[in-house]
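Student: Pasting a structure below so you can have a look.
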């Protein structure tokens, strides 16, 4: 029988691998020429040299090293916060799998491979599957941490 920490680590690794693999597979298709155009969403190829909305693009090649330090620092922190990691292994697997996939793009392609362009009614930033998974992972983590944790505390009281 796996200990809780080992089980959480296994869940983290599985989710990390699924998100990372899915994101890289989609990006491979985009890099091989897959395109789509519609009135609402286009699939186009863009190399994002910055982070969200191309922020910090002035850091150029140094950004990928800064991101590696941030990812490693956060992972070390989580390994020290076993309860937090145990309770949110799925969300952290999503965020780390997506984040590492985007950092890999910086090393391999010189920028993050972005491709989803939403333009119905207004122009929105071009993004990718990994960006969505980071948003979903953080969103679920916040919901569970603030809303569901409060319900648990009320039950105990």
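Here the Cβ of each residue, glycine as well, is placed from N, Cα and C on the backbone.
Swiss-Prot feature annotations, pasted as is:
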TRANSMEM  10-30  transmembrane segment
TRANSMEM  58-78  transmembrane segment
TRANSMEM  84-104  transmembrane segment
ACT_SITE  114  active site
TRANSMEM  122-142  transmembrane segment
ACT_SITE  131  active site
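So that I understand the layout, could you describe where these features sit and how close they are to other parts?
Tutor: Below 8 angstroms of C-beta separation, residues 49-51, 84-85, 92, 96, 99-100, 102-103, 106-107 of the same chain, each at least six residues beyond the ends of the transmembrane segment (58-78), sit close to that stretch.
Less than 8 angstroms from the CB of residue 114 (active site) sit 46, 47, 48, 126, 127, 128, 131, each of them six or more residues away in the same chain.
With a cut-off of 8 Å between Cβ atoms, the residues of this chain six or more beyond the transmembrane segment (122-142) that come close are 19, 22-23, 26-27, 44, 46, 48, 52-54, 88, 90-95, 97-99, 101-102, 112-116.
DSSP classifies residue 131 (active site) as helix under the three-state reduction.
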Student: Determine the Cβ neighbour count for residue 131 (active site): the number of other Cβ atoms within 10 Å of its Cβ.
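Tutor: Taking all protein chains shown, residue 131 (active site) has 21 Cβ neighbours within 10 Å.
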Student: Translate the DSSP assignment of residue 114 (active site) into the three-state scheme.
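Tutor: Assignment for residue 114 (active site) reads strand.
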